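Take a look at the structure below.
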Amino acid sequence: MKRMILFISCLLLIDIVVGGREGYPADSKGCKITCFLTAAGYCNTECTLKKGSSGYCAWPACYCYGLPDSVKIWTSETNKCGKK
């Protein structure tokens, strides 16, 4: 039983370490990448170009999974979109 708990704990830890971050990637202006009126698969392409594992359109902005630490992720606390 202890081995099973240890095994499951290791799997969860691997998922956290390898899984990467998720969120709305920010563009050069600090804004979310919009997917309003874009083709199907646009966000998945944008996310994989940023070395993420996948992504989808969480209308109206792209949401990515598995992003590396080097990619800026938009947050409401650090929102600089449209501000000078």
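Cβ atoms here come from the backbone N, Cα and C positions, even for glycine.
As given in Swiss-Prot:
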SIGNAL    1-19  signal peptide
DOMAIN    21-82  domain 'LCN-type CS-alpha/beta'
DISULFID  Cys31-Cys81  disulfide bond
DISULFID  Cys35-Cys57  disulfide bond
DISULFID  Cys43-Cys62  disulfide bond
DISULFID  Cys47-Cys64  disulfide bond
MOD_RES   Cys81  cysteine amide
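Features recorded in Swiss-Prot, as mapped to the structure shown.
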{"residue": "Cys31", "record": "disulfide bond", "DSSP class": "coil"}
{"residue": "Cys43", "record": "disulfide bond", "DSSP class": "helix"}
{"residue": "Cys57", "record": "disulfide bond", "DSSP class": "strand"}
{"residue": "Cys62", "record": "disulfide bond", "DSSP class": "strand"}
{"residue": "Cys81", "record": "disulfide bond", "DSSP class": "coil"}
Ten-angstrom check, please: count other Cβ atoms within 10 Å of the Cβ of Cys43 (disulfide bond), all chains counted.
25
State the count of C-beta atoms found within 10 angstroms of the C-beta of Cys62 (disulfide bond), not counting that atom itself.
26
Please identify which of Cys31, Cys35, Cys57, Cys64, Cys81 has the densest Cβ environment, defined as other Cβ atoms within 10 Å, among these disulfide-bonded residues.
Cys64
Within 10 Å of the Cβ of Cys47 (disulfide bond), how many other Cβ atoms can you find? Include all protein chains, please.
24
Between the disulfide-bonded residues Cys31, Cys35, Cys62, Cys81, which lies closest to Cys47 (disulfide bond), Cα to Cα?
Cys62
Cα within 10 Å of Cys64 (disulfide bond): which of the disulfide-bonded residues Cys31, Cys35, Cys43, Cys57, Cys81 qualify?
Cys43, Cys57
I need the CA-to-CA distance for Cys81 (disulfide bond) versus Cys57 (disulfide bond), whole Å please.
19
Can you tell me the CA-to-CA distance separating Cys43 (disulfide bond) and Cys31 (disulfide bond), as a whole number of Å?
15
